[in-house]
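Asks: Structure provided below as structure tokens; questions to follow.
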Amino acid sequence: MATFSDEKLDSSRVNDVMFDDKSSSSQQVVIDIAAEEKLLRKVDLRVVPSLFLLFLLAFLDRTNIGNAKIQGLVEDLHMKGQDYNIALFIFFVPYILFEVPSNIIIKKVAPSTWLSLIMTLWGIATVGQGLVKNFGGLVACRFLVGLFEAGLFPGCVYIISMYYQRMELQRRLSLFFCASILAGAFGGLLAYALAKMAGIGGYNGWRIFIIEGLATIVIGIASKWFVPDWPETAKFLNEEERALLVARLSRDSGEATMNRLDGPAAKRVAKDWKIYVGIIAYLGVVNTGYATSFFIPTIIKELGYTSAAAQVRSIPIFIVATACAIAVAFATDRLRHRYAFTIAGVVIASIGYILLLCQDRVTVGVKYFAIFLVTSGGYMTQPVTIAWLSNNMSGHYKRSIASACQIGFGNIGGIIASNVFITKQAPKYPTGYGVSLGLMWACAAACTILFFGVRAENKKRDRGERDGRLEDIANVDNLGDDHPHFRFTT
């Protein structure tokens, strides 16, 4: 896992910086560049790699049903019609409903304890998926996996966002997010290898869930000792390092804090238009993320390949998507800009979808290339939408709720992806490709609204049009990003 010790910190390589907080007096802040770089290296080596491992296993357990499908799952469980789509769909019902409650719980319980618990539980449910004898048992286990996995992704995003300044966040978050992309590659490789073991113990090759679930249980229990808690209590840092980390994070957010979830704070969260736009942006692009994870093995097989060949040919698709996502992450942080990169990903994915919608006129090689475009374009955009909304939220509770809402309700895109690839329309899937293309442009529209909206708000704050909020003495220390001194990321 890469670290980022060579990056320039926000202090612009000076030792003494005067920060004008627009209050009655200015404050002299002394910055120890060497100490901060050393601290950042230590955080990089502990936070993202540990959460990356958890998310990799989560996405494998969630999406390897796509690999299992072409290894005999449907035939052995006597599934027919839209049964496979139902098995995909049921995962998202508890997954969506329990993400916000989970992120409220993780604020009150040590992250290491909470994530270890839910990971062990979904590992048990994943083992169950490999042992089921009928379609009903598969649906029940998928429901349980969705229930217990609900807290992992938003919880990890929340934890990572609390360790880094805003313009340090995207590349860390994208590296973490790459676990979900690489899960597609690992899933294909694992399914290919385990398919060779078909018949051992009387089990067919699709029961890869048993081995995956056992690995998840072991890592889940062990994660209690290596998953980081909050910066203020992180055990891998000493007291001096914790104080330095908290200080540099406070320097980034300034006075824009929200550490009380009281009535006024709850109203501010509920009325924040940025959260709702962020949900639409994520919903539009996550549909493509799940469509590729669930259906790429099937789509490739329907191009005329055997099951084994389809598993292997899915691997380079996700490797290329990973490289594209990482490249965008570095560029968007370096340029301190988000919007243009989301649109670039939408355009690339759209070209892929258009080729697939016109597949009667193109060769098999072009169809395969189109899948690369769809997957890479989608994964270029998806992690940027997450970091962008997090950048524009300030305060513990605001960021926690916003992340959970965006990821939770945005995962309605996963429900859509589960149901628009209609079995009877194979192998052309006009509904699946058409709906997914439309949702990508819904994402683009939401990102456009967010860009122009926050840019206009920054201008209003520059003109002092929001300074009246400072007169609310009772709540001025809990305004979050509504604080007039906070500036939004575009």
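Here the Cβ of each residue, glycine as well, is placed from N, Cα and C on the backbone.
Bear in mind that TrEMBL entries carry predicted annotations, made automatically and left uncurated.
Summarising the annotation, TrEMBL assigns domain 'Major facilitator superfamily (MFS) profile' to 47-459. The transmembrane segment annotation in TrEMBL covers 86-106, 113-131, 137-161, 173-194, 206-227, 275-300, 312-332, 339-356, 368-389, 401-422, 434-454.
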Asks: What residues in the same chain, six or more past the boundaries of the transmembrane segment (312-332), come closer than 8 Å to it by Cβ-Cβ distance?
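Replies: Result: 67, 170-171, 173-175, 177-178, 181-185, 187-189, 192, 292, 296-297, 300, 305, 338, 341, 344-345, 368, 371-372, 375-380, 382-384.
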Asks: Of the stretches 86-106, 113-131, 206-227, 275-300, which racks up the most C-beta pairs under 8 Å with the transmembrane segment (339-356)?
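Replies: Most Cβ pairs under 8 Å with the transmembrane segment (339-356) come from 275-300.
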Asks: What mean pLDDT does the predicted model reach across the domain 'Major facilitator superfamily (MFS) profile' (47-459)?
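Replies: Mean model confidence (pLDDT) across the domain 'Major facilitator superfamily (MFS) profile' (47-459) is 89.
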